[in-house]
Amino acid sequence: MGSCSCTRRHFLLSICFLQVITIIERQVFDFLGYMWAPILVNFFHILFIIFGFYGAYHFRVKYIITYLIWNFLWIGWNTFLICFYLNVGQLNRDSDLLNLGTGSVSWFEANGYGCKPTYNMAADDTFRPQRPERVEGCLLDYPLVEITHSGVQCALALLGILGAILISCIFLDEDDRFDFMNGDAKSPQHTVVHPMYVSYTSIPTTSASATMQSNKHLQLQHQQPQQNSLKLYHHQQQQQPKLHHFNKNYQLSGSNNNTLNNNLHQRAPALLPPNTTNNRSASFQTQSHPSNNHVTQRTGGEGSNCSSLRRHRQHHSKALVSPSPMSPQTTPSLSYASLQNSSPYLAGNSLSNSNYSIFQSPDSLQGSSHFARIHHKPKPPKSDYPVSGEFNPGGNISSPVRPLDRLSRSLEDDEDNFSLQKFAPGEHGVTYVPFQSPTPNSLFLGENNNSQPHLVFHTNSRSSPNNNAYPYDQSGLPSSLRMGSNSNARRPTHIPLPTVPMHNCQEVENDEDADGESEQDHDQMLTPPPPPLVRPHIHQRLGQAPYLDLSPEVAERYAIPSKLGPSLPIQVPLPVPHGSPMVRRSNRRPRPSNPVNFCDQIRATPPGYVVRAQSDDRLMEQVEADAAPHVNRRSGRGGSGQKTRPRSFCNSIVGVQG
């Protein structure tokens, strides 16, 4: 049916095209014969043909129906013309009915093919067009030509009516298939303007990175229950044959990010050491046998991507490690780590500084433990401090870092809002530091936590390839945390601020084989920085000045006498002194106190200089203009015959009135 509709549409478009061609041809000959009534009707016919063409092309039924109705009227008009030229009834083709009283007739009457008209020169009415008395030798008489034109128009109108009816039937009889607003779906030429509804929403305030981070955080929260169930089943299968050995040596394995697994704590709370608190905010290790140095390897379940290898060393296992107890009166600290640990939802965001970015694991959201994952960005070492620590066989451990400069060294090494002790980065540059919520009370001293044990860090004297100069295990984990036995000692609360080294202007030789004494001598010799080099002015370097020379010798050449005083004779210009303009400016004498009119000068640009606005050429033109006849009617002359200078603010300065 779609192909049929396209065929009907093409048929109607073809009929409209033929009608336009024939009516234009008829309109031209009607203009030549001054037939005004057919001319007006032909204009209307051309207009309705355009309506029909547009309706058939765009499937507009209203335009097609309008074209259909006009075709009936057009057939009636052409029928009248046929009857008029055939003299049917009382109609007479020699009357003035079609020419509207102008007396004109069809152009084909005297200009037909082979026609030879004969005119009567003795015409009575000179205002009417002259008609021939008789015409001989015409191939076709003009009435026959006009009847042929009208018959062709009637035939085309009938075909147009047929095509319009066929297309209108598609619109009127098949409304269930054809959508009036959308038109025929199978016609690619159909173009309809449809209303468009636009909904305005506010601009999102969150960035793309924050949105991606929040989506990842929610996804990890949804996956956490399933991972916990898998890890619980896996640990139950592995810990069943090793339950009798659990009191001697155990180590808790984490998930994919090597964090603390809380499921094993919930299954065996009685097996934990008595000095372990309930918050479980650190990875801990019991005192094992000195000869027990086996390797424990576990996986965190099916979701684990790699195995975590942990090797226990003898010097690490000779002392108990326990996290600092959590006090409800812990002094809050305005540090970056406490801000991250106090708000679990804030820790998931992309808050970071230049060297570290802290991320809290989703595993810590369900329990009370908090872990900060520090993404370390390695940078060149700034300073190394000689740290020495000794182990007592009795279990007492001396702090490897002096209490006064424990935090000051971290402030000196890391110029950030958040800085901790030097930890070794683990795998993929990630270091895990155990924290307590809301703040790690072992790192911040106050009045209410002086009597509590504090965390100290173990070090080694051997060199390390990392920036922190601390050893780390093969698995990438930092050294275990130690607590000294003398935990009741009061720690100082006044920590000195870091000092900034002075600027050393002495050139240091980059000799790698130089001894230590020479390096210390170079470091102790501190001198102030050298003064900046004196650079000549830009005009002195270029050898020229951007402003004109206004030395007294040159200024006298441009001095214009006041109009109130007598006119001075023109002086011979003095020779220009030799040298650059800068040399002449530096050697000039003080200006004489002669009253000079500064109306021709600009005193404001730039400060300290006076720039002349008129040159020698303009002064010569002014002299010639004064000598020439007065032709400028806008500027008058004074009574003395001199040209009056226009008033300006310069007149009030020098005391001259215009």
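Using the three backbone atoms N, Cα and C, a Cβ is placed for every residue, glycine included.
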Look up Ser322, Ser399, Ser580 in Swiss-Prot and give me whichever carries the note phosphoserine.
Ser399
So one of Ser291, Ser463, Ser640 should carry the feature phosphoserine according to Swiss-Prot; which one?
Ser291
From the set Asn257, Asn341, which residue is assigned the annotation N-linked glycosylation site by Swiss-Prot?
Asn257
By the record in Swiss-Prot, which of Ser398, Ser461, Ser487 is the one labelled phosphoserine?
Ser398
